[in-house]
Each structure stands twice: as structure tokens, then as C-alpha cells.
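The structure appears below as C-alpha cells.
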Amino acid sequence: MSKITVKTQPIAGQKPGTSGLRKKTPVFMGPHYLENFVQAIFDTVGTVGKTFVLGGDGRYFNDRAAQVILRMAAANGAKRVIVGQGAVLSTPAASHLIRLNKTDGGIIMSASHNPGGPKEDFGVKFNMPNGGPAPEAVTEAMYKRTTELTEYHILEAQDVDLGTVGRHALGDMVVDVVDPVADYADLMESLFDFDKITAMFAAGFRMRMDSMCAVTGPYAVEILERRLGAAKGTVTHEVPLPDFGGMHPDPNPTWAHELMAEMMGEGAPDFGAASDGDGDRNMVVGRGIYVSPSDSLAVLAANAHLCKGYRAGLKGVARSMPTSAASDRVAASLGIASYETPTGWKFFGNLLDAGNATICGEESFGTGSDHVREKDGLWAILMWLNILAVRGESVEAIVKGHWAKFGRNYYSRHDFEAIATEKADAMMAALRASLASLAGRKLQGMEVSGADDFSYTDPVDGSVSAKQGVRVNFTDGSRIVYRLSGTGTEGATLRVYLERYVPGPDGLDRDAQEALSPVIAAAHELAGIEAFTGKVAPDVVT
Ligand code: G16
């Protein structure tokens with residue numbers, strides 16, 4: 001087996017977004033594309049003598065990309081790579097393996113909730129030794145390296161057998177193929193009261209888990225059906241497929257419509273949940289009630305102490321800026337700190353490492369804790385199950401009880417997809433230019449109290465991330481946030497985040513879109529969404 005050095009040249013556009021580099025699969029499969037980016041990763045983080053974790057969500061090209069990355073790791077002098085069997089690992093399981101084995105980081109092959117397949121999306125990201133996504137300074141350094149590369153290194157070798165658990169050699173490098181589920185399932189068992197959840201299932205509690213033909217299938221079957229005794233068949237779409245069965249593996253009411261229909265229909269189970277392509281997102285639904293991610297974060301924060309791993313209480317709660325302020329109210333009542341970060345799980349890493357926060361969450365269906373450094377879909381679903389088992393109440397009773405105590409932050413996100421990039425940029429530029437003059441403006445019977453472009457100073461390392469979203473606040477506590485997505489692969493996606501607080505006791509039980517209608521109208525008027533983008537209505541509403 002000999003090491004080959006291949007001449008290459010920089011490929012434009014290899015700039016990681018919100019969560020790693022995501023492109024159309026044919027782009028990733030193009031000449032040198034994957035190799036250039038992986039070499040940039042290795043050059044940035046250093047490879048000689050190091051141990052990494054490797055796995056992905058099993059989407060199309062995952063298996064072949066894994067072999068390339070292994071050959072490149074060996075040629076660049078890595079000592080050992082721990083790979084999930086079949087090159088598969090959910091993102092939270094990869095984060096756990098990085099931490100458990102005290103490795104030097106890991107490469108995750110995933111485009112998360114984006115569709116997969118020969119014409120869909122693929123992605124690669126690097127996670128640090130703490131198990132979390134590389135921070136901006138590191139991804140910027142990787143990007144810079146992609147602009148100056150002239151060569152990459154790769155071993156001339158046959159494929160490693162990734163289908164069998166065990167140890168293999170690749171040149172001088174060791175490849176350990178591990179069961180992707182076992183360590184993760186053990187971690188969950190250490191955090192939650194499996195005995196109480198098992199008793200709840202034994203007493204007839206019914207659940208539907210939609211794994212959306214994505215990576216969580218085997219994890220959910222092992223944990224829910226085998227370890228916790230949920231009825232066989234509780235997990236649907238449980239076989240991971242390279243194209244996710246043609247589905248869009250994004251657990252929201254639009255894409256997880258089968259689950260929504262079941263949970264809102266006759267004879268619905270007690271609890272429903274779904275997870276995404278790589279297993280870090282979650283959606284939870286009760287019988288007849290959808291729980292928004294922002295509310296889910298707040299309910300979990302308020303009840304975490306009921307679960308085995310969190311009895312000592314929380315150190316703090318962190319949320320991304322566009323996420324509703326519902327969790328801030330919980331933190332205030334618990335007398336703990338709350339943090340507001342830019343969108344992107346990577347911004348929670350420092351807060352978790354420093355012990356400032358225990359639970360984090362995002363409106364984009366992400367919730368997690370300091371047990372790993374990624375958001376974790378099954379973790380959130382298990383915490384809900386644990387809370388349901390201890391409280392013995394329905395999801396609806398718990399959520400409505402929460403609103404009665406804290407008030408309700410009506411919340412919704414409207415996505416306008418596949419807009420021509422220049423149109424979206426022009427809209428954001430116009431909005432930014434108007435910020436200084438917005439205060440005092442009256443729209444839809446509301447008055448703007450202030451507007452800015454969110455800038456974040458990390459309280460741990462002092463790094464500054466600017467231009468993280470335009471927010472417009474109103475005197476009645478309502479809020480509109482505008483951002484362009486950093487995870488799309490086609491044109492631009494405009495995200496408009498809408499929020500309105502109602503303290504109660506009246507007006508807590510309205511339909512969210514209806515309650516938000518003046519805020520929605522104001523959002524269109526203020527930004528000229530139709531004039532700039534030609535879109536009258538959002539493509540996805542969550
Ligand atoms: C990623 C990030 C999340 C972020 C989400 C949406 O999630 O890890 O922190 O909230 O994208 O980001 P954007 O609004 O920029 O599209 P995932 O599940 O795609 O890895």
C-alpha cells in the first residue's frame with residue numbers, strides 16, 4: 001500500500017455554513033471535491049498520530065466517501081479511526097464516541113435534514129475533541145485552506161470491510177469498526193429512568209416514533225422497543241435508506257405529515273415523535289397537540305429535575321436568538337442563567353464546556369444537553385418520555401399547565417425557499433439599511449420598540465460573531481427575526497421567525513398562526529417580502 005500525493009487546485013465555494021459543508025451530491029462526487037475539503041480539514045487540525053471518529057447518516061455516497069476519508073486519514077499519518085459499522089453513526093452518537101474515546105475529533109458525513117440521493121444533498125463536517133461542531137474560527141481556517149490547496153494525500157488500497165465489527169489495518173493506521181448503537185443506548189440508559197418508562201409502556205402507554213427512513217431507526221428500535229418494551233412496530237420508517245425513501249427527513253409538521261395525521265386523528269397514540277436524517281433533530285407531538293420546539297425546550301428545562309441524570313438541577317439554559325423566549329422565563333423562575341446565541345449548535349459548545357449551561361435548544365427542532373456536544377433527537381424524546389412517566393399526565397396537560405404558569409410565547413417560523421440569492425440579499429440589505437429608522441414605526445396596530453442586527457460576543461472566549469439575523473422588537477413584546485439559512489444548497493432560504501407573548505390566563509389556547517396574524521402581516525410589510533422575492537406565502541411553516 002503506497003501513499004500517493006495527488007496534484008489538485010482550489011475549488012471555489014468550499015465554505016462551511018451553519019453546520020459544515022453541504023452541497024448537492026453530484027458536486028461532492030465531482031473530481032477532487034471531497035478530497036480537497038478533507039485535506040483542508042486534516043491540514044487545519046493536524047493528523048499525524050491522531051485518533052478520529054468517522055460516521056455518517058447513511059445517505060447516498062456515505063459508504064464511498066467513508067473509504068476515501070479513511071484512505072486519506074491513513075496517508076496523512078492518523079493513528080486510528082473509529083468507524084460506525086457500515087460507516088453509519090447518528091450525529092449525537094458520533095459526538096458521544098469522540099468524547100467517550102477521548103479522540104482528537106471526528107468527521108461526520110451528513111446533510112442532516114436535507115434530502116439525500118444521487119441528485120439531492122451531501123455534507124461533511126468536522127467535530128472537535130469536545131465532540132462539538134468546529135467553531136467558526138476553525139471552519140474559517142478550513143475554508144482558507146481550501147483556497148490555497150495544491151495537493152492531497154491518499155493511500156492506494158482496497159476498501160476496508162466496514163460491514164463487520166472488529167479491528168482492521170489500513171497501511172499503518174488502525175480502523176476500529178464499532179457497533180453504532182450500543183454505546184449511545186448505554187449513555188441514554190445512564191441519563192433517564194428506564195424503569196419508570198418501561199413501567200409506563202407496560203401499563204399500556206402507546207407511542208409512535210417516525211424515524212423517516214433515516215439514521216435513528218436502529219437506535220430507536222433498540223432503545224424504545226428492546227430496552228424500554230414499547231410495542232413492536234412503535235418505530236416506523238425504521239430502516240435507514242440512502243435516499244430516505246424519497247422523503248424529506250426533516251421532522252416538522254410539513255414533512256412528518258404522516259405522524260401529524262396519526263397524532264391528530266381518531267385513536268391517536270399517547271405520544272408521537274420524529275427525528276431527522278442524522279438523528280440530531282426531534283419533533284414531539286401529543287395526542288391532538290403539536291409542541292413547538294421552543295415550547296418543548298421550555299417544558300424540558302422546567303421538568304428536567306424529574307429525570308435521573310438531571311436531579312441536581314440545571315446550571316443554565318441556552319437558546320439560539322431566533323428561538324422563542326419561553327425558556328428564558330423558566331430559567332428566571334429557576335434562578336439560573338439563560339443565554340442567547342446565534343443559530344448553529346457550535347455556539348453552545350463553549351457554554352457547555354464551561355459549565356454555564358446544561359440544556360440548550362433551538363427553534364429548528366434541536367434540543368440537547370451537556371451529555372454530548374450536539375443536539376440529540378432521541379435524547380429529547382426520552383426526556384419527554386421520562387417526564388410523562390413521572391408526572392403521569394398527558395402531553396396536552398403538561399403543555400397547557402406550562403402556559404398557565406409561565407404565559408405562552410406564540411411562535412412560528414415561515415420559510416421562503418429557493419429564492420434567487422441576489423433577491424434575498426437585496427431584501428436583507430434593504431432591511432439592514434432601514435434598521436436605524438424603524439423605532440417608533442407603527443404596523444398592524446403594533447409599534448416597533450427597536451431593531452438591530454444580532455451580534456454575539458461569546459462569554460467564554462470573547463469571540464464576536466456579527467450579522468447573525470435582523471430582529472425587530474415591538475412595544476407589546478412581539479418580535480420578528482429575519483435570517484437567511486446557512487444550510488440550504490439551492491439559492492437562498494429566507495427564514496422569518498414570528499413571536500408574540502400572551503401572559504394569560506386568557507388567550508392561551510388559540511391557533512398559533514391566527515394569534516400571530518398581525519405579526520405575520522407586519523413581517524411582510526416591513527421587509528417587502530413579496531416585492532423582493534415574488535413570494536406571497538411561505539413554502540414551509542413550522
Ligand atoms: C443546523 C444547525 C442548527 C441550525 C439549523 C438551521 O442543524 O446545527 O444549529 O439551527 O442547522 O440552520 P439554518 O437556519 O442556518 O438553516 P442541522 O440539523 O441541519 O445540522
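Keep in mind that glycine also has a Cβ here, set from the backbone N, Cα and C atoms.
Keep in mind that this is a model prediction, so the values were computed, not measured.
Per TrEMBL, the features are as follows:
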type	residues	note
DOMAIN	14-152	domain 'Alpha-D-phosphohexomutase alpha/beta/alpha'
DOMAIN	183-285	domain 'Alpha-D-phosphohexomutase alpha/beta/alpha'
DOMAIN	294-406	domain 'Alpha-D-phosphohexomutase alpha/beta/alpha'
REGION	1-22	region 'Disordered'
**Asked** Taking the domain 'Alpha-D-phosphohexomutase alpha/beta/alpha' (14-152) alone, what is its mean pLDDT?
**Response** 97
**Request:** Count the residues of the domain 'Alpha-D-phosphohexomutase alpha/beta/alpha' (183-285) that DSSP assigns to helix (H, G, I), to strand (E, B) and to coil, and report the three numbers in that order.
**Result:** 41 helix, 16 strand, 46 coil
**Helix, strand and coil residues within the region 'Disordered' (1-22) as assigned by DSSP** = 0 helix, 9 strand, 13 coil
**Message:** DSSP on the domain 'Alpha-D-phosphohexomutase alpha/beta/alpha' (294-406): how many residues come out helix, how many strand, how many coil?
**Reply:** 61 helix, 18 strand, 34 coil
